[in-house]
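K.L.:
If you scroll down you'll find the structure; I have some questions about it.
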Ligand SMILES: Nc1ncnc2c1ncn2[C@@H]1O[C@H](COP(=O)(O)OP(=O)(O)OP(=O)(O)O)[C@@H](O)[C@H]1O
C-alpha cells in the first residue's frame, strides 16, 4: 500500500534485506557523514532514495550528500537536458544536496575501463576525505558482486569480490554497499515504482567490456540453472579454505 507519495513502502522482503545488509556489515552509525556516489544510473539513484528514506526512520542520525564525477561524454544539443541537471533535479526532489566534479584527466595509454574506474574511485576517496565524509555509499548490488567474482576468476586469476563494507585509510573512511543483498531486477522495480529517470551511460565503451561479457555468460547460466545466482552468492560467504589449493 502506498502511504506517502515520496516515500512509498518497499516490498517487505526487499526492506528486510536492505536492513539485513546494513546490520550484518554495520554500515551506518550515529553521526556518520555519508557521501553518495551518484552516476545517475538506475542503481545509484535508487541507492540515494533508499538511504534518504532510511534516514527518516533510523534510530541514528546521519547526513547525506551526493556527488557525481563527470566524465564529460555529454555534448549540449537543442532542447536536451544535461545528465547533471537531470540527476540534480531528481536528488533535489529527494531532499539531497548534489555537486558535480569534473573527472580527473586520463592519459592516452590509461584510457581503459579499468583505469577510468580506478581513477574515479581514487577521486571519490580524495573528495570524501577533503570534505570530511567518513562513508562513501556505492550502488552495487548482488548481481554486481557475483559478476565481479567471475571477472576475477576469469581474467585476474584470483577468488574475490567487492565486499559490502570496506574500511580504508586505517578506518578513517569506509565504502558501503547497502544494496549488496538486492538483485538488479529488484533495484529496477524500485526505480519504476518511484518513477525515477536514470540517465544513459554515454561512455563509448559502456557495452563492450569484460563485465558485459561476464553478464552474458551468467545470463546463460541463470537460464539453465535458475537457482544458480542464489547458490553462487551463498558460496561467496562459504569458502572452504581447507579445500582450496
Ligand atoms: N560518474 C560517477 N560519479 C559518481 N559515482 C559513480 C560514477 N560512476 C559510478 N559511480 C558509483 O559506482 C557504482 C558502480 O558504478 P558502475 O559504473 O559499475 O555502474 P552501475 O553498476 O551501472 O551503477 P549505476 O546504475 O548507478 O550507474 C555506482 O552505483 C555509483 O555508486
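A Cβ is built for glycine as well, from the same backbone N, Cα and C atoms used for every other residue.
All TrEMBL annotations are machine predictions without curation.
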K.L.:
37, 38, 39, 43, 139, 144 bind ATP according to TrEMBL; which of 69, 81 goes with them?
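P.N.:
Of 69, 81, 69 joins 37, 38, 39, 43, 139, 144 in the ATP site that TrEMBL records.
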K.L.:
Please compute the mean pLDDT of the model over the domain 'tRNA(Ile)-lysidine/2-thiocytidine synthase N-terminal' (34-215).
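P.N.:
Mean model confidence (pLDDT) across the domain 'tRNA(Ile)-lysidine/2-thiocytidine synthase N-terminal' (34-215) is 94.
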K.L.:
Cβ distance under 8 Å to residue 144 (ATP binding site), same chain, sequence separation 6 or more: which residues?
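P.N.:
Same-chain residues close to residue 144 (ATP binding site) (Cβ under 8 Å, separated by 6 or more) are 43, 162, 184.
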K.L.:
Among the binding-site residues 37, 38, 69, point out the residue whose Cβ has the most other Cβ atoms within 10 Å, with all shown protein chains included in the count.
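P.N.:
Per the Cβ count within 10 Å, the most buried is 38.
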K.L.:
Would you measure the largest Cα separation among 37, 38, 39, 43, 69, 139, 144 for the ATP site and round it to whole Å?
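P.N.:
Per the listed residues, the maximum Cα distance equals 20 Å.
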K.L.:
My understanding is the cutoff is Cβ-Cβ under 8 Å with a sequence separation of 6 or more in the same chain; which residues meet that for residue 139 (ATP binding site)?
P.N.:
37, 38, 39, 41, 43, 44, 45, 46, 47, 177, 179, 187
K.L.:
According to DSSP, folded down to helix, strand and coil, what is residue 37 (ATP binding site)?
P.N.:
strand
